[in-house]
Amino acid sequence: MKLNERGLLIVISGPSGVGKGTVRKALFELEGHDLVYSISMTTRAPREGEIDGEDYYFVTRDEFQERIKNDQFLEYAEFVGNYYGTPRDKVDEQLELGKEVVLEIEVQGALQVREKAPDGVFIFIAPPTKEALYRRLLRRGTENPNMIQQRMDKAEREFPLAHKYDYIVVNDEVTNAADRILAIIRAEHAKTERAIYKYKEMLEVE
Ligand code: 5GP
């Protein structure tokens, strides 16, 4: 399959609390009909209001480990005591159909995907400042202080990994960040290596 026929794999990643989820939702509001969100699987307990099969597939540790054994994840990571992973079959199926598939995952997982799917588009969402990230984690109020500190420590270790991504988008304001991601997706489509096959005859490409 040629690059242009297969859908684009878009990986939105970055530290916990940076607002990846909110930015992703805003992106889907801007351009939802062309994008498919890959619902992750996790062993974390659902937060209030989260729906199984919509926010995550919530499973037990045993179930998750069974799926690891059966190689059913494109990537997975253990994050602050819980497993999170991207079910492989859905992603492949949608890409084959030519859909744009969006993953919203933490840094370790994104770097695993980078190895397996180097033609994906990797976007690191950064906070405007470290303090802003800390305030966000506090404000979210879904974790106890110990968990918040663990997430903050992890973020400190993740910042230097931003250089492994294709793009860095600062989440200063959600709609701005979503807008920039949309611009990135459009630019990626216009890249010669992707676009040239569409204009094969005119441009006389094999
Ligand atoms: P939360 O518990 O806040 O929902 O998620 C914790 C972290 O795990 C977030 O950074 C989130 O983006 C990330 N995450 C969610 N799904 C996946 C996944 O399928 N794989 C990986 N590696 N990380 C994920």
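Start at 1 and count along the chain as shown; that gives each residue its number.
Here the Cβ of each residue, glycine as well, is placed from N, Cα and C on the backbone.
As recorded in TrEMBL, the features of this protein are as follows:
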DOMAIN    7-186  domain 'Guanylate kinase-like'
BINDING   Gly14, Pro15, Ser16, Gly17, Val18, Gly19, Lys20, Gly21  ATP binding site
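All features noted in TrEMBL, drawn onto the structure.
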| residue | record | Cβ neighbours (10 Å) |
| --- | --- | --- |
| Gly14 | ATP binding site | 30 |
| Pro15 | ATP binding site | 27 |
| Ser16 | ATP binding site | 23 |
| Gly17 | ATP binding site | 24 |
| Val18 | ATP binding site | 26 |
| Gly19 | ATP binding site | 22 |
| Lys20 | ATP binding site | 21 |
| Gly21 | ATP binding site | 13 |
Near ligand 1, which of the binding-site residues show up if the criterion is a Cβ under 6 Å from one of its atoms? Options: Pro15, Val18, Gly19, Gly21. none
Secondary structure at Gly21 (ATP binding site), reduced by DSSP to three states: helix
Other residues with Cβ within 8 Å of the Cβ centroid of Gly14, Pro15, Ser16, Gly17, Val18, Gly19, Lys20, Gly21 at the ATP site? Ile125, Pro127, Leu133, Arg136, Asn171
